[in-house]
Every structure is written in C-alpha cells, then in structure tokens.
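To start, the structure itself, in structure tokens.
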C-alpha cells in the first residue's frame, strides 16, 4: 500500500503544481476567470478570435491562422499538436494526423493509468481548458456512480453496507450541491476553496472514526464475512498460500544456498518490468496490455525510487537508487516548463542540466561507496521524497500533454471542452476504477467495490475544485470566477445530483439488497444522460431565445 499511496498523493499534488504553474493568463488585480462553458471557453478574457475559427478558413490560410492567433497557443507541453495538424500535415492528410493523435491519446491514458489514477483537474491550469475539468469531474462522477456501480450489481448481486453507503452518498451530495452553488453565483472565494478541503478532511476523519467504532463494537479483528462473500485472507495466509502454490516468489524459485548478489545483478533484476513466472500464467490480453506498459514502467523504474515499508529491506536497491540520484533531478528540470529550466545556460556558457547531472553523479558515487547492498542506509527515507517528486513531475508532464491533445481534437472537430471532459477525459479517468471494481466484484467482494464507487470520487470533486481554485488565487485577488455560460454544464450538475438522489432513495427502499434490476436502471440512466448531453452539444436541445 505504501508505494501506491505515495503515487496517488503525488498525482494529486502534481495536479496542484500545474494549477499554480500558469501565471501569464491573469493580470494583477483582476479575478482569475475559469470558463466552464462550451463555446466561449474564456468568459472574462478578451483574446480576440476563437481558435475554432480555423476550420472555417481556407486550407492555405489555416497554418498562418494557427501560428498568429493567441488563442491557438497551447500552454506547456512538449509537442505542438495544432501546428502538426494544420502545418506539418497537408490538409488532405488531416484524418491521418487525427488518427495518430487518437493513438497517442490512448497511450497517454495508459501512461497515466500506470503512474496515477486521478488527473482530470489538470485542465484547471488554463482558463481556456477549464471546461475539460468541469466536464471530467462531473462526467466521471456520473459514470462511476451509474455504469460502474450498476455493473457491479449486474455481475454479483449483493447486500450493500448500509452505514458506509449512506455516509458516502450524503457527503457526495453535499459536495455536488456546494459546486452547484459556486457555479450559480459564478465565483469561488478563498474561504469557500478552503471549505472544500476542510470538508474532505472532515470526511476522512468521519471514515476513520466510523471504522474504529465499528471494530470496537464488533470486537478485535475484522468482522466475519457474510454468506455472499468469501473471507479476506490475512497477510500471513497470503504468504503461506503463495509458498504452497509456488507463486511468483514461492519456495520453488529460491536458491538452495545463500549467496550475495552482485551490484550488476541487482541492477538488472530491479530494472526488469517483466516477471517471467507470472507471464506464463496470464492470458493473452493481459500480456498484450503488459507489452504496452513495459516502456512506461521501464522509464519509471529508471527515474522514480520507491521506498516500500512492507519489505524487510524497504526496497533498497543500492545501484539503482544511486542511479536515481542522477536521473531523478534531471527528470525534474526537464519536465518543468517543458524543459526551459534544464536548457537554460548559466552565464550563457554552462547549461543547468549539465550542472545537475554533475552534482548528482558526485553524490551518487559518495552514496555508492558509503553503503552496502544488503542493508539500506539510515537516510533511505530521503529517497521516498525524491520518488514523490519524480512521480509528480511525470504525472504533470503526461497530464499536460493529454489536456493539450484533447483541446486540439476539440478545435479540429469543433467540440466544446466540456463535452470532451465528460466523455473522453471522464472515461479515461475512470478506467482504473472500472476494471478494479468489476474485478473485485467477480472475485467475491462486491460490497467493497460498491463502496469504492462512491467513496473514491469524493476526492475528485472536493480536492480537485478546492485545491485547484485555491492555487489559482493570488495575493491581490482572492476570488476565482467560474462562469458557466452553457446549458450543458447545468445538465451535468443536475444529472449527477439526480443519480445520487436516485441511489440514496432506491438502495434503502430495497433494504440494501442490490440486484440486476438496480444495475440495469443505473446503466440506462447513464445512456439517457449521454444522449441528452450530446444533443445539447450539437444544439438540438437548447434554451429558447429571449
């Protein structure tokens, strides 16, 4: 749990870093404006011509329009997607560039799925893409509480845990109601942003307190499992089972005589993202997905140290950790401001990246000489901070590329940021939850999976909106404007609130016995919502002109 928890927190704080990273979109003394609409994408910002006008220009004028229009400039990122679509490729090959972007988008989802689970609110970093964040936060909430929760009920009918369910739904409804009020009034103050974070802290405190009270009432140890789900084995039972079944680290693969591994062998073993024993037992689709993840995992192994308190040696790999002292800082300076800091030359002669590499190499040699392979040093905890920072920078870079490519696709197809957020970004943000929860339900733990549907997404809305808006504020202006000028935003908020109210009423009405009827209703509800949202996006459903 240690490394996974660290990566999740790193993902959240990397999002916060991106939120605070753009200081050129706001003038001192003016409220920071985040547009949550569809077409305007920037109420309160006079940037002239909308970049979506490029599709209305002649093919020969599109490249010049993209290069000369301020609204077409993508903040951050390493690739110029708009320039590639309209300048690098001829107009006749625009479908090819879109296809390549779509494949790259899917792989970015894979990268972010490996490094972090939550990344949607990175779009708050730019007022022009704030609609992505609004659509993703609400869209992912609707998707998880309807499709994923309904899928769990279809896969494995079960009896829901009453008190945790009511607690999570009530907290989530309060969070949605607060966000609805913020959108209605059109701004969020410092106190309200801190209130979002305070509400999440109170939620975590409530969860811990309820868990402690429940265990105290039931006595020491976990409660006995119900007849519908198997008992969850303890750590000792898992280790014993692993040894008995000759698992990945069973007795069959252990050496008969003790020996000391060489540094080269430790390095080669630590840098191997594939486990040949697990590879033999897994199905073909798992192997295919693993092949896609191997390049990402290899790069992460090279740059992100992981301190695991569950292991006896705390995951100390002396040669690899010494390599991390060089690669980790280099990663940080090359991902900040798209490598601008790393390429900066001191006095116009010596580049910053060379100085960082030199200092890291000297420090790595000192650590390698003064430590041993068998025992981690006393300062090993410092590597946890380096891993925390490195993983945050990776998530920052990948999420920025994802937001930029989504905005590019929105400009090419003339789609709003909000509809891209509630579909592509929300679905990508929910991939991990979908597979993990459904797998957990198939293995016989539907109650646990169902609780995760409602408890996990509370973090998205409370920390995403609260911390995101908080870091947009400046000393001269403590108000962030949120101006939803489209009907689609209100449909999103209303649909999410209505789905929560439906579950809040329907689940207790069924005495918390959830089956296929409940799951079918939730999935049908999402399909109806998606049809209404798309019809609204394409102006089939619209407000009457006044």
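Every residue, even glycine, has its Cβ placed from backbone N, Cα and C.
Predicted automatically and left uncurated, TrEMBL annotations should be read as such.
Database features, via TrEMBL:
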- 221-230: compositional bias 'Pro residues' (COMPBIAS)
- 116-208: domain 'Sodium/calcium exchanger membrane region' (DOMAIN)
- 384-534: domain 'Sodium/calcium exchanger membrane region' (DOMAIN)
- 221-244: region 'Disordered' (REGION)
- 1-20: signal peptide (SIGNAL)
- 101-124: transmembrane segment (TRANSMEM)
- 131-154: transmembrane segment (TRANSMEM)
- 169-187: transmembrane segment (TRANSMEM)
- 194-214: transmembrane segment (TRANSMEM)
- 284-307: transmembrane segment (TRANSMEM)
- 319-344: transmembrane segment (TRANSMEM)
- 350-369: transmembrane segment (TRANSMEM)
- 381-399: transmembrane segment (TRANSMEM)
- 448-467: transmembrane segment (TRANSMEM)
- 487-509: transmembrane segment (TRANSMEM)
- 521-541: transmembrane segment (TRANSMEM)
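Counting C-beta pairs under 8 angstroms (sequence separation of 6 or more), the transmembrane segment (448-467) fails to reach the transmembrane segment (521-541), with fewer than 3 such pairs. Using the rule of three or more Cβ pairs under 8 Å, pairs at least 6 apart in sequence, the transmembrane segment (487-509) is not in contact with the transmembrane segment (319-344).
Packing against the transmembrane segment (194-214) from elsewhere in the chain are residues 163-164, 167, 171, 174-175, 178, 223, 455, 458-459, 462-463, 465-467, 469-470: each is 6 or more residues past its ends and has a CB under 8 Å from a CB in it. Beyond its flanks by at least six residues, the transmembrane segment (169-187) meets 31, 36, 141, 145, 195-196, 199, 203, 206, 454, 457-458, 461-462, 465, 479-484, 489-490, 493, 496-497, 500-501, 503-504 of its own chain at Cβ-Cβ distances under 8 Å.
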